[in-house]
Amino acid sequence: MTTIVSVRRNNQVVIAGDGQVSLGNTVMKGNAKKVRRLYHNKVLAGFAGSTADAFTLFERFEAKLEMHQGHLMRAAVEMAKDWRSDKVLRKLEALLAVADAESSLIITGNGDVVQPENDLIAIGSGGAFAQSAATALLENTDLSALEIAEKSLTIAGNICVFTNQFKTIEELKY
């Protein structure tokens, strides 16, 4: 699978992801970019799960952002409604982590939209490791959101066999 982590601190939000694509127990690619900018570079998004499914979701989510003039929460809720009602979308196996200057959200394969506590998101196979590391760093250091995301992703990559050390990191300052 993968690991995606999003951290918000001091007028900065970051989404970071590793680059491993696995098929069963085989690493197929080590430098995949699972994090990108959407809607005029104002929204960050990362995915965990099936790569093909995630690209479908990125396209649909970006269309929802355009339709709702970049309003993240509204686009996420509309995307979730579609996900629940569309037979094709319901079969997609992916999670999206999305963030803008105001909100951080998880959009699940069940069509749920979750705004996590402390604006900390960690999804994918290494998500629990990254979340633990990021929580400890948020509570006990003055590191920036970028530094916390990078360090927590490194820790997850050291523990989770489906997460590697190649990182794609996107940041918004506001």
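Cβ atoms are placed via backbone N, Cα and C, with glycine included.
Here is what Swiss-Prot says about this protein:
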ACT_SITE  THR2  active site
BINDING   GLY157, CYS160, THR163  Na(+) binding site
Out of the recorded positions THR2, GLY157, THR163, the residue with the smallest number of other Cβ atoms within 10 Å is GLY157
Shell of the Na(+) site beyond GLY157, CYS160, THR163, same chain only (C-beta within 8 angstroms of their C-beta centre):
THR3, ASP18, GLN20, SER125, GLY126, PHE129, ALA130, LEU153, ALA156, ASN158, ILE159, VAL161, PHE162, ASN164, GLN165
Count of other CB atoms lying within 10 Å of the CB belonging to CYS160 (Na(+) binding site)
21
Rounded to a whole number of Å, the separation of the Cα atoms of THR163 (Na(+) binding site) and the residue listed as 'active site' comes to 5
Between THR2 (active site) and GLY157 (Na(+) binding site), what is the CA-CA distance rounded to a whole number of Å?
9
Which three-state DSSP class does GLY157 (Na(+) binding site) fall into?
helix
